[in-house]
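Swiss-Prot annotations:
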type	residues	note
BINDING	131, 189, 212	NAD(+) binding site
BINDING	238, 260, 263, 328, 361, 415, 420	substrate binding site
BINDING	260, 263, 361, 420	Zn(2+) binding site
ACT_SITE	327	active site, proton acceptor
ACT_SITE	328	active site, proton acceptor
């Protein structure tokens with residue numbers, strides 16, 4: 001059966017049509033969601049745990065009296081998982097730890113002038129919240145992606161929230177990462193609890209993690225409150241762009257496109273290639289592989305937003321890719337690193353035949369929390385720096401201040417900031433014995 005046959009010739013399209021092809025599925029503003037989330041946040045602020053209990057029963061159909069998961073339940077989660085799964089989680093943990101430890105920044109300590117010492121130091125965030133969605137497929141891999149850099153950074157308090165009942169996979173992943181403050185609360189109410197605090201759930205300084213439209217809206221709203229909780233990013237639907245030439249494997253490409261298409265209705269996958277024969281083989285392979293996949297309805301909805309695009313050459317592939325700024329970029333060409341040199345916008349890049357996007361999702365070591373919706377033009381993938389803050393330190397000796405004093409006084413006078421000038425002058429006068 002032919003589920004997909006959307007091959008497009010880029011240079012036969014009008015510029016407006018080209019723009020439309022690269023447009024993401026529209027994320028419609030939903031006033032009902034905005035209003036509902038605002039009400040949930042306000043009720044959590046006013047009524048704390050009572051509001052959490054009410055919403056947990058309403059949305060999750062769970063009657064929860066104790067939100068915090070006991071340490072016994074967390075540690076016993078190991079007994080419910082197979083050795084094969086636990087060993088695989090350990091491999092992923094090792095690789096993610098290795099890559100993120102390599103991101104530990106070095107302190108900067110320089111003397112810009114004689115007697116003028118400037119430093120940049122890195123301090124961990126005091127408290128962070130991790131949100132892990134529930135559902136039929138618990139995202140325990142995201143626990144690793146968030147908890148491991150938080151621990152390496154030295155965050156003092158790490159709180160995890162997830163809708164009840166929390167899966168043993170999520171509890172186990174949290175346990176091996178050293179997270180023991182876990183609360184069975186989900187949705188917008190969990191984000192509100194982390195941002196505001198309740199009798200049980202502690203308030204945190206920054207919230208990390210994906211979620212549905214309600215969770216995303218809640219993150220947006222709590223981060224907009226004056227002096228409110230910070231957030232990692234507003235994650236959008238998953239997206240993948242592949243650049244391929246005639247050396248690529250069409251079955252591999254089809255499998256990669258489908259791996260992202262199964263994320264859901266608003267996801268988008270695109271293949272760019274100068275090779276029509278390859279494009280035809282990819283389309284055939286997509287239709288063949290679809291017969292063996294379980295999430296067929298989700299994939300078919302995604303494929304309606306997706307395209308196989310024929311272009312003139314690899315240079316045009318690169319130009320279009322940089323314009324699109326994908327979340328995930330796979331380069332399957334004869335010389336992928338040569339193409340990499342010309343890529344300016346992408347969140348996570350996968351080179352060559354043997355680098356499926358799934359590797360980055362789970363176990364290569366890189367983080368899978370990534371900017372979407374073209375945000376890779378200015379934003380970066382999640383990393384150690386998101387769990388830290390840069391602090392600047394300066395120390396001047398008397399000699400150093402004397403040397404800079406004239407410069408500072410002239411500059412502050414030019415900006416008509418007399419008090420700034422005086423803060424230097426009063427010290428200089430003291431050193432000259434005028435006070």
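The backbone N, Cα and C atoms fix where each Cβ goes, glycine too.
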**Report entry** Entries of 238, 263, 361 which, being binding-site residues, have CA atoms within 10 angstroms of residue 327 (active site, proton acceptor)
**Finding:** 238
Query raised in the report: Quick one: which residues besides 131, 189, 212 have a Cβ within 8 Å of the NAD(+) site's Cβ centroid, in sequence order?
Result: 133, 161, 163, 186, 187, 188, 190, 191, 211, 214, 215, 218
**Report entry** Greatest inter-residue Cα distance in Å for the substrate-binding set 238, 260, 263, 328, 361, 415, 420
**Finding:** 56
Requested in this report: Among the binding-site residues listed here (189, 212, 238, 260), identify the one with the smallest other-Cβ count within 10 Å.
Outcome: 212
Query - Cα-Cα distance linking residue 131 (NAD(+) binding site) and residue 415 (substrate binding site), given in Å to the nearest integer - result: 46
Report task. Would you give the longest CA-CA distance, in whole angstrom, between residues of 131, 189, 212, the set recorded as binding NAD(+)? Result -> 12
Requested in this report: Measuring Cα to Cα, tell me the gap between residue 212 (NAD(+) binding site) and residue 263 (substrate binding site) in whole angstrom.
Outcome: 12
**Report entry** Candidates 327, 361, 415: member of the recorded positions with the richest Cβ shell (10 Å)
**Finding:** 327
Query raised in the report: So among the binding-site residues 263, 328, who's got the most Cβ atoms within 10 Å?
Result: 328
Report summary line: Across every protein chain in view, the count of C-beta atoms other than its own within 10 A of the C-beta of residue 131 (NAD(+) binding site) is 27
Query raised in the report: Cα of residue 131 (NAD(+) binding site) to Cα of residue 328 (substrate binding site): how many Å, rounded?
Result: 22
Query raised in the report: Per DSSP, residue 131 (NAD(+) binding site) is which: helix, strand or coil?
Result: strand
Query raised in the report: Which state, by DSSP, holds residue 361 (substrate binding site): helix, strand or coil?
Result: helix
